[in-house]
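J.: Right, I'll just put the structure down here and ask away after.
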Amino acid sequence: MTERESAPEGAEPLPSLTDDEKALLEAENGIRQYDRMVALVEGALAAARFRLRVSALIELNRLAVEGLEVDPGSLRSVPIRISNTDHQPPPASDVPGLLEEMCDYVNDSWESRTALHLSAYVMWRLNWIHPWKDGNGRTSRVVSYLVLCAKTGFVLPGTTTIPEMIAGNKHPYYAALDAADEAWQTQQLDVSEMESLLADLLAKQLVGIYAAAGGPT
């Protein structure tokens, strides 16, 4: 299964960067994005209240693509295609409303749904909407992790986190997205494959802490 790339129609020229400069900037942006995610979790825990908001999604995307896009964080205003998948993202005009609906689902289901379900739902739905011209995957993974941490009640420990593990091996992640996409074609919300993937990765993340503490593996 090959990498997937977003291709917005009529995209503006990107900043001129060498491959090394782009890789360095992506890494630096990833650190800033993760740090902001941690701050959002800690703020929600301190307030004893979490609400997923579109403004937070936009901010986290902006941090991911700053210096890589001419208008970082801005919702796309054009159609977009994704390589190596049959999924066609919705029209740009639908994006704001779909993001609000996604946040409403998470907020309205906060007490009745598990952390793994809500995290899996956000992972899939943000990818399905594909709100931005770039950084959709990176943003979906960090927002999913934000929801997982906020719902479980703490910033999950681990030197290799779920978003990092997915970035290192995207094949199961793509397969889980495809399974949810297929179910949604008949208006069935089924993110069970993504839930299973996140459960496995969470276990690996926590086992890594146990091993680092000297526990037998």
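These residue numbers are counts, starting from 1, taken along the chain as shown.
Quick reminder: no glycine exception, Cβ is built from N, Cα and C everywhere.
TrEMBL lists these features:
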type     : residues                                                   : note
DOMAIN   : 52-200                                                     : domain 'Fido'
ACT_SITE : H130                                                       : active site
BINDING  : D134, G135, N136, G137, R138, T139, S140, R141, Y173, Y174 : ATP binding site
J.: If you measure every Cα to Cα distance among D134, G135, N136, G137, R138, T139, S140, R141, Y173, Y174, the residues said to bind ATP, what is the biggest one in Å?
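T.: Overall maximum Cα spacing for these binding residues reaches 18 Å.
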J.: Drop a 10 Å sphere on every Cβ of the binding-site residues N136, S140 and tell me which sphere holds the fewest other Cβ atoms.
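T.: Counting other Cβ atoms within 10 Å of each of the binding-site residues N136, S140, the minimum falls on N136.
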J.: Taking the Cβ of R138 (ATP binding site) as the centre, how many other Cβ atoms fall within a 10 Å radius?
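T.: Around the Cβ of R138 (ATP binding site), 21 other Cβ atoms lie within 10 Å.
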J.: For the domain 'Fido' (52-200), what are the DSSP-based totals of helix, strand and coil residues?
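T.: Its residues divide into 91 helix, 5 strand, 53 coil.
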J.: What's the CA-CA gap between S140 (ATP binding site) and H130 (active site) in angstrom, rounded?
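T.: Their Cα atoms are separated by 9 Å.
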J.: Which of the binding-site residues N136, R138, Y173 has its Cα closest in space to the Cα of H130 (active site)?
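T.: Of all the candidates listed, N136 is nearest in space.
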J.: Quick check on the recorded positions: of H130, D134, Y173, whose CB has the lowest count of neighbouring CB atoms inside 10 Å?
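T.: Among the recorded positions H130, D134, Y173, the lowest count of other Cβ atoms within 10 Å belongs to D134.
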J.: Within the domain 'Fido' (52-200) only, compute the mean pLDDT.
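T.: Averaging the confidence scores along the domain 'Fido' (52-200) gives 97.
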